[in-house]
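Chemist: Just passing along the structure, written as structure tokens.
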Amino acid sequence: MGNGGSAMKVCTDHQGGINWLSLSPDGQRLLTGSEDGTARLWSTADSQCRGHFQGHESYITFCHLENEAAFTCSADHTIRKWDVVTGQCVAIYRGHTSIVNRILVAKDYLFSGSYDRTARCWSVDKEKQIQEFRGHRNCVLTLAHYSSRDVLEEEEEEEEEEEKVSRDLLVTGSTDCTVKVWWVSSGRCYQTLLGHTGAVLCLILDAPNRELFSGSTDYTIRTWNIVTGEQLKVFKEHQGSVICLELVNRHLYSGSADRTVKCWLVDTGERIQTYKAHKHSVSTLKYHAGILFTGSGDACARAFNSKSGVLQKIFRGHKFIINCIQIHNELLYTASHDGTLRIWDIRGICKRNKRRLKKERSAQGRSSQKGSLSRLFNNKVGCMVQQENGEHEAVELM
């Protein structure tokens with residue numbers, strides 16, 4: 001296992017903890033939202049601060065970055081849109097009556113969830129509230145969005161003309177233990193997903209497979225059919241709240257307050273790996289090129305071999321919980337409640353992992369070829385030949 005050494009750069013511009021970190025779709029910029037009530041824009045080319053967004057009257061809870069615009073939400077009950085070139089606030093979305101926890105930008109819509117027990121939909125360009133989603137009995141913590149065109153056949157779609165005009169749906173997770181699915185156009189609740197016995201902290205959507213995953217303080221992850229609302233599976237092995245989820249190639253990674261990450265096969269529900277070594281809750285995670293990166297309440301980030309579960313590197317330097325991580329151009333960005341953004345070089349670990357994956361593919365190819373030759377021999381001669389099982393030792397990288 002390698003020691004993380006020092007970060008390439010430590011950005012200390014914020015005067016309060018960083019609550020969220022967002023990467024633009026083109027990868028050119030990062031946005032941080034802070035307890036100091038400001039957001040900052042960073043260039044991924046040189047890690048310099050390129051913008052300082054001031055105007056919120058309380059701390060920023062969450063932020064989202066597009067290529068040309070930045071969005072922040074705050075405990076001051078508002079959401080703001082910023083021009084990334086000029087740094088000017090170009091829109092303020094008012095209407096919530098309590099802390100805005102989360103925002104999501106999809107198409108021309110801006111969605112928000114709040115402690116006021118509602119979610120809302122806004123027109124990004126017109127600074128206008130389009131819809132209010134009311135029905136949760138407690139605060140809305142997490143959001144997801146999809147179109148019914150992605151999951152429904154024509155004959156399955158709603159017959160009401162209002163829903164036909166706009167097929168967008170919003171998913172909300174709440175501390176009232178429920179997940180709700182809403183028609184965006186009418187604000188009508190399409191499904192209420194019941195089963196959790198604790199607050200729903202995280203959602204992840206797999207629209208092509210019609211599946212929604214929810215993590216909760218009841219220690220479980222649940223899978224739902226987003227068309228029928230049927231609960232498909234319950235993943236029960238965690239011993240603490242499920243804080244974060246990541247879905248990659250039908251593998252579901254879950255970070256928990258029990259200090260572990262677990263990997264599950266979505267199709268079977270089998271838990272195939274547990275990643276240990278954290279000394280506090282796992283607050284954030286990100287999969288990249290066969291490596292699982294995690295951030296924890298113990299102020300460390302870690303890199304694990306996603307297949308073997310072997311801990312490959314620890315990134316030390318933060319003083320408080322790591323709230324969010326991003327990866328771009330083989331650089332790891334970690335944002336912490338200590339107010340710093342740290343940038344780490346992960347080229348070495350990525351390069352070693354690529355070599356390992358190449359060796360594994362090569363070994364699998366030889367094993368497959370040997371099996372084919374053996375089967376051919378069996379067919380021609382008519383005798384039974386015991387084939388090798390093709391198993392290989394895991395390659396340790398560090």
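Each position is counted from 1, following the chain as shown.
Glycine is treated like the rest: Cβ placed from N, Cα and C.
Annotation source TrEMBL lists repeat 'WD' at 11-43, 93-132, 169-192, 193-234, 235-274, 315-347.
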Chemist: So if I exclude everything within five residues of the ends of the repeat 'WD' (193-234), which remaining residues of that chain have a CB under 8 angstroms from its CBs? That is, six or more out.
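Modeler: Answer is 138, 141-147, 150-152, 156, 171, 173-181, 240-247, 252, 254, 256, 258, 264, 266, 269.
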Chemist: Six or more residues beyond either end and a Cβ under 8 Å away: which residues meet both conditions relative to the repeat 'WD' (11-43)?
Modeler: 49-54, 56-67, 70, 72, 74, 82, 84, 87, 320, 323-326, 328-329, 333, 335-343
Chemist: Below 8 angstroms Cβ to Cβ, which residues of this chain, lying six or more residues outside the repeat 'WD' (93-132), approach it?
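Modeler: For the repeat 'WD' (93-132), the list is 61-64, 66, 69, 71, 73-75, 77-81, 138-145, 168, 170, 172, 174, 182, 184-187.
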Chemist: Mean pLDDT, the repeat 'WD' (315-347)?
Modeler: 97
